[in-house]
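Straight from TrEMBL, the features:
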type     : residues : note
COMPBIAS : 579-592  : compositional bias 'Basic and acidic residues'
DOMAIN   : 35-218   : domain 'DH'
DOMAIN   : 259-460  : domain 'BAR'
DOMAIN   : 511-574  : domain 'SH3'
DOMAIN   : 607-670  : domain 'SH3'
REGION   : 1-28     : region 'Disordered'
REGION   : 578-603  : region 'Disordered'
Amino acid sequence: MEPADMTNHGDDALSSRTGAPDGDDRLSEDRSLLQQRLAVRELIDTEVSYLHVLQLCASDIRSRLQQLPQGDLDVLFSNIDDIIKVNSRLLHDLQETASREEEQVQLIGNAFLEFQEELEQVYKVYCASYEQALLLVETYRKEPELQREIQGIIEAVLPQAGPSGLSFLLVIPLQRITKYPLLLQKILENTLPDASAYTVLQRATSALQDVVTNINEYKRRKEVASKYTKVEPLSLRERLARINTHTLSKKTTRLSQLLKQEAGLVPRTEDKEFDDLEERFHWVSLCVTELKSNVAAYLDNLEAFLRFRPQDYNLEIPEGPVVQYCYLARDLQLQAFPEFKQQLEAQVWQPLCSLAKALAGPQNLIKKRLDKLLDFERVEEKLLEVGSVTYEEEAARHTYQALNSLLVAELPQFNQLAMRWLGQILCTFVILQRDLAKQVLQRAEDSLAQLPHHHLSEPAFRKLVEDALGQTSHQLRSFQENFEKVLPPPTTQPLLPGAERQVQALLSRYGPGKLYQVTSNISGAGTLDLTLPRGHIVALLQNKDTKGNSSRWLVDTGGHRGYVPAGKLEVYHVVPSEEELRGQERPHRDSQHQTPEPISAPVPSVPAVTQVVAMYPFMARSSHEVSLQAGQRVTVLEAQDKKGNPEWSLVEVNGQRGYVPSSFLARAPSPAPWGWSLPS
């Protein structure tokens with residue numbers, strides 16, 4: 001033994017015999033240092049094992065569970081890839097500390113302080129979806145065959161999972177994040193208080209405890225929010241079934257609180273931060289709603305445009321530019337436009353519908369927050385007055401605080417994401433329009449070169465088109481004016497059976513200028529509103545109601561008086577009597593040569609005929625129709641067409657047979673005041 005060793009050995013022996021405190025302190029320090037190194041080793045070794053299990057879950061197990069839907073896999077494994085990335089970097093930094101043993105503990109504390117925010121962010125997301133993942137596990141257990149397949153895959157990759165299977169895998173990240181503060185606390189307990197690493201370890205331990213607390217609070221908020229974000233399409237009966245004394249009491253209390261705030265009896269809670277976020281969210285919702293409405297109209301117009309195919313018909317136009325147009329139009333209709341419509345629906349319409357659907361959850365939360373705010377304000381008032389609240393009232397306070405905190409924390413991110421999503425949809429729409437224009441111009445390039453005006457400059461061609469359109473519009477206006485001259489006047493509905501007596505009474509009392517006919521069925525909604533069938537005759541008493549509303553007219557039906565919509569009435573034209581017709585026809589006949597009327601051949605198959613009068617002139621438009629003059633006597637052969645449609649009648653006029661509108665005909669009147677007679 002060397003002298004120095006002997007000296008040291010002698011000193012140790014002396015210290016042990018005399019019970020010197022220096023020896024005890026050194027022994028305690030050595031023991032603490034050993035425990036500290038063991039705790040550090042446990043931290044790093046368990047991190048390696050934990051990360052290995054996560055990688056097996058993400059690679060082997062997830063890839064073998066192909067019998068599960070992709071949506072289920074997304075819920076079960078959540079953001080496990082993000083957790084692997086963060087923990088891999090953390091493990092790398094922890095392993096790097098081994099090369100600097102004297103500073104290792106301090107470096108470990110600094111590493112956890114550096115990863116505090118990232119750990120909280122990724123584990124928040126995982127913990128928020130954990131309950132939903134457990135619900136999926138429960139559904140799998142109800143299918144024994146599927147459960148056996150899942151269990152077999154997990155045991156083949158991770159035998160230590162045991163019979164717990166998926167439940168064992170899902171809980172591992174939750175257990176790990178809650179264990180970090182315990183591992184750091186163990187290292188801290190074996191670190192001398194006067195060591196430089198002690199303060200850093202204290203901060204790291206406290207930081208990881210805060211991470212766990214924040215994750216638990218975030219999970220609780222998510223659970224509260226998930227309760228109110230579900231949109232249930234309930235019927236009126238189901239809604240009424242949910243009403244009970246408790247819900248009525250809550251709604252009455254909230255209404256009372258709101259009324260007191262409106263009256264200024266109690267102050268309203270102001271939250272400028274949330275109000276700004278809510279206003280921005282409503283603007284985003286409005287933009288999405290407007291864009292969805294516009295895109296829907298655009299798709300409808302595009303569908304109508306695709307149905308219009310003049311190139312498929314014989315236009316009876318000489319060959320030339322028309323042939324080129326038909327060829328190009330067929331080409332575009334078969335490929336370019338259908339592809340554009342398909343891409344528009346897939347890349348614009350469907351994402352837009354998904355975005356609109358994603359807005360429903362926050363909208364419900366914002367609405368529910370207002371209800372919970374009224375509960376919160378009422379409880380706060382009671383707390384100030386009484387000093388205590390019930391368990392249920394305390395739960396209401398916590399619910400509002402959870403909802404408000406969640407909205408304030410996540411609504412800015414949601415608004416930003418929704419705006420980015422909306423901007424991407426608009427950019428996609430513009431790109432699709434641009435690509436369509438390029439494709440059309442590319443396909444039309446050969447056809448354009450063969451057009452007679454391809455040599456003109458753009459201003460000259462624009463001038464040519466404007467002149468041509470102006471000339472065509474003038475021709476269309478002239479055609480419209482000529483067409484209106486030969487168009488029949490607005491049709492009136494035929495009289496209801498047995499209505500002659502009622503019409504005569506109204507005529508004798510009010511005169512023909514006050515008579516109107518109902519154009520469609522009227523269902524009275526109010527006590528003074530009338531319910532009338534289509535074709536009913538009424539007399540106008542006043543063209544507005546007592547409030548001055550000109551859309552509701554006061555009428556007389558001959559037995560009842562009441563209000564009807566003015567838009568469902570039109571002037572009734574009284575058919576002149578037979579004597580008046582003869583008086584109008586006599587001068588005309590005297591001025592012309594007498595021509596014998598053709599005698600119609602009898603048709604045995606035609607049933608009993610009816611004599612009527614044409615109320616309006618009618619111009620035949622085909623060989624199946626026959627023309628009429630107003631007041632002309634007509635013989636009805638069949639009161640319907642071959643398909644049984646009563647809107648057209650087969651008639652005989654001056655020896656000619658054909659179809660005329662049934663609404664142009666009325667029963668042949670006999671001499672009586674106003675052209676009507678009482679029924680016999």
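Numbers run from 1 along the shown chain.
Positions of Cβ are set from backbone N, Cα and C atoms, glycine also.
Given the structure is predicted, the values throughout are model-derived calculations rather than measurements.
When DSSP labels each residue, the domain 'SH3' (511-574) comes out as 6 helix, 26 strand, 32 coil, counted as helix, strand and coil in that order. Confidence in the domain 'BAR' (259-460), given as mean pLDDT, stands at 83. Counted with DSSP, the domain 'SH3' (607-670) comes out as 3 helix, 29 strand, 32 coil.
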